[in-house]
Amino acid sequence: MNISNSQVNRLRHFVRAGLRSLFRPEPQTAVEWADANYYLPKESAYQEGRWETLPFQRAIMNAMGSDYIREVNVVKSARVGYSKMLLGVYAYFIEHKQRNTLIWLPTDGDAENFMKTHVEPTIRDIPSLLALAPWYGKKHRDNTLTMKRFTNGRGFWCLGGKAAKNYREKSVDVAGYDELAAFDDDIEQEGSPTFLGDKRIEGSVWPKSIRGSTPKVRGTCQIERAASESPHFMRFHVACPHCGEEQYLKFGDKETPFGLKWTPDDPSSVFYLCEHNACVIRQQELDFTDARYICEKTGIWTRDGILWFSSSGEEIEPPDSVTFHIWTAYSPFTTWVQIVKDWMKTKGDTGKRKTFVNTTLGETWEAKIGERPDAEVMAERKEHYSAPVPDRVAYLTAGIDSQLDRYEMRVWGWGPGEESWLIDRQIIMGRHDDEQTLLRVDEAINKTYTRRNGAEMSISRICWDTGGIDPTIVYERSKKHGLFRVIPIKGASVYGKPVASMPRKRNKNGVYLTEIGTDTAKEQIYNRFTLTPEGDEPLPGAVHFPNNPDIFDLTEAQQLTAEEQVEKWVDGRKKILWDSKKRRNEALDCFVYALAALRISISRWQLDLSALLASLQEEDGAATNKKTLADYARALSGEDE
């Protein structure tokens with residue numbers, strides 16, 4: 001029988017294809033596979049190159065890849081490589097173990113970005129994965145923004161976590177959640193994300209659920225809840241290089257006799273004080289090679305996530321569910337000096353302190369519920385201003401609160417370190433939709449204020465509340481005064497949300513409608529009320545009030561302190577909310593909006609208050625100053641864009 005070469009080649013191809021399904025590579029752990037195959041792409045890594053598992057990552061990755069551990073929770077800070085670990089383990093599951101995998105991120109946008117900047121470059125840069133993706137770089141039904149289907153028959157899905165439909169229909173072996181704390185508590189009233197998502201793995205022979213996140217607020221944080229449901233909470237213990245005693249690294253504080261310590265105002269002096277024998281440990285002295293994770297509840301431990309031991313040292317079966325905690329102090333991607341610098345920047349700013357606790361320490365933030373500031377005490381904190389605009393003020397912003405029968409505006413001046421001065425109070429009575437009322441608001445917006453040297457300053461940016469009235473009124477005024485100068489806003493009472501989240505694009509009405517994190521702003525403002533400057537010395541974050549009853553009086557102080565934090569049950573969960581108890585709070589709202597205007601200037605136009613003030617102080621002559629200040633106002637309000 002004659003067989004052509006082409007027929008032989010086709011036969012060889014089909015035989016190989018048939019035998020390929022029978023081939024099983026030599027078993028590898030997740031770490032072994034990642035160290036041999038994983039590559040960090042330039043699009044999503046600080047440093048492109050071959051992956052090398054760090055000591056504190058070893059047990060976490062092997063636990064993620066283990067068939068014997070069903071649930072893995074990772075409570076972590078930033079800069080510990082969690083997303084990279086997760087993606088490396090997913091590649092291991094797809095190529096080595098041939099499992100169907102699914103990962104959820106908080107929103108559809110997050111999922112699309114993760115697929116574009118992390119997943120697709122990873123497929124490109126790992127040869128064994130690329131060999132399973134003949135569709136790479138092409139339009140193909142197996143290559144979409146939500147799904148990749150490989151030639152070994154395995155699928156990978158990457159979906160947003162907001163919609164309940166994204167938790168249906170898929171049947172997978174591995175379910176993962178990145179930044180779980182940012183997910184909604186209740187997905188369209190159908191349940192928690194992990195409850196819905198883990199239903200997708202119930203039919204698997206080797207079900208796996210991986211949850212990881214930087215934590216948020218204590219009592220309402222989903223990664224905290226997931227961790228509390230696990231019987232094992234593991235912390236990374238390292239031996240003291242001097243006395244040999246094991247301990248996990250703690251940040252500590254002034255009262256604790258161990259942890260990170262440094263000379264005041266000198267971050268470079270930082271060292272770690274051993275909790276056992278008060279040994280002084282420098283960062284470069286620690287050796288994590290033989291460090292191990294120890295459960296603070298049961299005492300079980302592991303070095304590599306494969307072999308597990310009881311507190312007495314006897315080998316035991318791997319746990320069904322386990323939680324790991326890891327934070328920045330262990331990371332080679334930062335220094336203890338930088339950690340201390342970051343801590344020092346949080347002084348006087350609760351929002352920054354919360355961010356530090358969450359993203360540097362990897363701990364939940366415990367919101368403090370306290371009494372309101374005393375309005376009568378605050379009303380006595382009046383100061384004599386040397387001019388309508390005090391010398392240390394570099395920039396003016398305003399907040400406008402909308403009511404049906406009036407508009408209220410407060411003008412605030414800002415100096416280095418966000419030190420602030422109340423400059424003006426304007427209450428414009430009249431129907432909110434009457435043009436004559438709005439013309440008087442226009443006059444208030446365009447009012448100028450004088451410095452001691454005679455230079456006049458205009459309000460650089462204004463945030464105008466759209467709540468409670470027809471928002472198109474504010475939209476039209478934004479277009480009239482400049483889209484970047486007058487910014488329509490809406491409040492978002494979500495704990496931890498940034499003070500201002502200005503969109504990059506205009507909405508369908510042609511304006512930059514901006515969400516304001518009112519809870520975050522109020523907490524920062526209340527914390528700043530506690531700062532008391534000494535004499536005329538600068539104090540970052542301090543708040544100043546003028547000895548002028550037209551601008552500041554007891555009524556103003558009462559409105560600034562009208563709200564308090566209370567615990568309320570919302571949808572079956574306890575939450576901490578700001579409540580005015582029906583007290584008037586327009587002054588506080590205006591302060592929030594003025595702070596938001598400042599933050600927009602800093603984040604969008606890189607406003608540097610220190611540099612701007614230095615430039616203003618160098619100017620001589622009123623005429624020169626007027627011209628220069630007008631230029632500053634135009635540039636910093638975005639009119640030159």
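Note: Cβ is positioned from N, Cα and C throughout, glycine not excepted.
Cross-referencing 1-48, 97-144 with Swiss-Prot places the feature region 'Interaction with the terminase small subunit' at 1-48. Swiss-Prot lists motif 'Walker A motif' for one of the ranges 76-83, 244-251, 292-299, 548-555, namely 76-83. Take the binding-site residues SER493, LYS497: by the count of other Cβ atoms within 10 Å of each Cβ, the lowest one is SER493. Within 10 Å of the Cβ of ASP401 (Mg(2+) binding site) there are 22 other Cβ atoms, across all protein chains.
Remark: TYR46 (site 'ATP-binding') has PHE333 as non-local neighbours, by Cβ distance under 8 Å and separation of at least 6 in sequence. Secondary structure of the motif 'Walker A motif' (76-83) per DSSP (helix as H, G, I; strand as E, B; remaining residues coil): 2 helix, 1 strand, 5 coil.
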